[in-house]
Each structure stands twice: as structure tokens, then as C-alpha cells.
């Protein structure tokens, strides 16, 4: 509707075309849905291309965020392990010092 192609809404609805299905449509599938105008198909295909690009960009950004989170988790875990080793060493040094006395 935002593309001024409301004449196709009823057929898309009747065929249960949702967002996921919409992204899978190509020219021949659009034609089969009753979209006879090549200009209308071109408008839809261009918009679908934009949407796919935006989805891919969002997916890559999500992957980047997940990698950063994982990197932070690993760094925090390494710091905790270093602290634990220092604590163990200090405890063993203190125990050795007590034993020497």
C-alpha cells in the first residue's frame, strides 16, 4: 500500500503472502500473483532488493555485536582466571611463610 499498489493487496492476502514469503518473490512469481504490469513488478522488485540489503546489513551488525560480546566474555574469563591464579599463589606463599616460621 505504501508503494501505491493497493490493487494487489487482496491477491497477496488470499495467497497468504507474508514478509518471509514476500522476500522470496521474483518476477515470475509476481506475475503469477496477478501483477501483470512490468512497472509494478519493477517497483516491487526494487523495494524487495532494498529490504534484502537492509536485512543483510542488520544481520551483519548483529553478528558483529555477538562477536564483540564473545570477545568481552573471553577477556573477562581470562581476567578471572589470572586473578584466581594470583589468589592461589598469594595463598600458597602465605602458607609457605607460615610453615617456615
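A Cβ is built for glycine as well, from the same backbone N, Cα and C atoms used for every other residue.
Taken verbatim from TrEMBL:
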- 55-91: compositional bias 'Basic and acidic residues' (COMPBIAS)
- 92-101: compositional bias 'Polar residues' (COMPBIAS)
- 1-54: domain 'SAM' (DOMAIN)
- 55-101: region 'Disordered' (REGION)
Averaged pLDDT, computed only over the residues in the domain 'SAM' (1-54): 90
Number of helical, extended and coil residues in the compositional bias 'Basic and acidic residues' (55-91), per DSSP: 37 helix, 0 strand, 0 coil
